[in-house]
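Notes to accompany the following structure.
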Amino acid sequence: MTELDINEIEAYNSNKMGWIELITGCMFAGKTEEFIRRLKVLSYAKKRVLAFKPSIDNRYSVENIISHSGSKLDSYLVKSSDEIKQIVEKENQIQQVDVIGIDEVQFFDENVVDIIEQLADNGIIVIVNGLDKDFRGLPFKNVDKLLVKAEFVTKLRARCHLCGSFANRSQRIVNGQPALWDSPLILVDGKESYEARCRKCFISPKKDV
């Protein structure tokens, strides 16, 4: 099972049980679109939802989480995982928080995984979105751990930019060519800097010698 329906959520919540849902995959796979959809469904179901995004990701908006297709959701822009915990604790004093959404989890510090677990242990549904692999094809931090810890995992695929086949890798492009191995790990530039690639079309970055 990769996602619960509202009736199943109500059954779990009757026991005040929290859990972790992870939405992952490569660039342009629709992760943020699915992330926003799930949080909106829960909001419509009268759950109190708070969403967070890392301050490094300001491609489209500072105040909203926005997908490549234009779907958007109000969010808190935070610099660290500790800010998430502080805001949730403050908001809980005003009204109970039922659901937390964390976008682009790979851009947060590594303490975010422990905080996500604490929130779930305290009865909060935590829905997380992030890339599973970096541009080198290696596991991305935080997502690699959440793949093990999450109760529900949805892995999405894109279409290969070159051949149209199923893609599960993110190719970083610099000056029309695949980036070198030693390029910075994090570069948030959207479609101008990345392409979804399949196994066959993905070019493993070369090490600069």
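Every residue, even glycine, has its Cβ placed from backbone N, Cα and C.
What Swiss-Prot annotates here:
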type	residues	note
BINDING	Gly25, Cys26, Met27, Phe28, Ala29, Gly30, Lys31, Thr32, Asp103, Glu104, Val105, Gln106	ATP binding site
ACT_SITE	Glu104	active site, proton acceptor
BINDING	Cys160, Cys163, Cys198, Cys201	Zn(2+) binding site
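Where Swiss-Prot records a feature, it is marked here on the structure.
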{"residue": "Gly25", "record": "ATP binding site", "Cβ within 10 Å": "25"}
{"residue": "Met27", "record": "ATP binding site", "Cβ within 10 Å": "23"}
{"residue": "Ala29", "record": "ATP binding site", "Cβ within 10 Å": "24"}
{"residue": "Lys31", "record": "ATP binding site", "Cβ within 10 Å": "26"}
{"residue": "Asp103", "record": "ATP binding site", "Cβ within 10 Å": "26"}
{"residue": "Val105", "record": "ATP binding site", "Cβ within 10 Å": "27"}
{"residue": "Cys160", "record": "Zn(2+) binding site", "Cβ within 10 Å": "22"}
{"residue": "Cys163", "record": "Zn(2+) binding site", "Cβ within 10 Å": "12"}
{"residue": "Cys198", "record": "Zn(2+) binding site", "Cβ within 10 Å": "20"}
{"residue": "Cys201", "record": "Zn(2+) binding site", "Cβ within 10 Å": "17"}
Cα proximity to Asp103 (ATP binding site), best match among binding-site residues Cys163, Cys198, Cys201:
Cys198
Applying the rule Cβ within 8 Å of the centroid of the Cβ atoms of Cys160, Cys163, Cys198, Cys201, what extra residues of the same chain belong around the Zn(2+) site?
His161, Leu162, Gly164, Ser165, Ala167, Arg197, Arg199, Lys200, Phe202
Expressed to the nearest Å, what is the distance separating the residue listed as 'active site, proton acceptor' and Lys31 (ATP binding site) at their Cα atoms?
9
Express in Å, rounded to the nearest integer, the largest CA to CA distance found among the ATP-binding residues Gly25, Cys26, Met27, Phe28, Ala29, Gly30, Lys31, Thr32, Asp103, Glu104, Val105, Gln106 named in the record.
16
Mind giving me a neighbour count for Glu104 (active site, proton acceptor)? Other Cβ atoms within 10 Å of its Cβ, every protein chain shown.
23
Roughly how many angstrom lie between the C-alpha atoms of Met27 (ATP binding site) and Cys198 (Zn(2+) binding site)?
12
What's the CA-CA gap between Ala29 (ATP binding site) and Cys198 (Zn(2+) binding site) in angstrom, rounded?
12
Where does Val105 (ATP binding site) sit in the DSSP three-state scheme?
helix
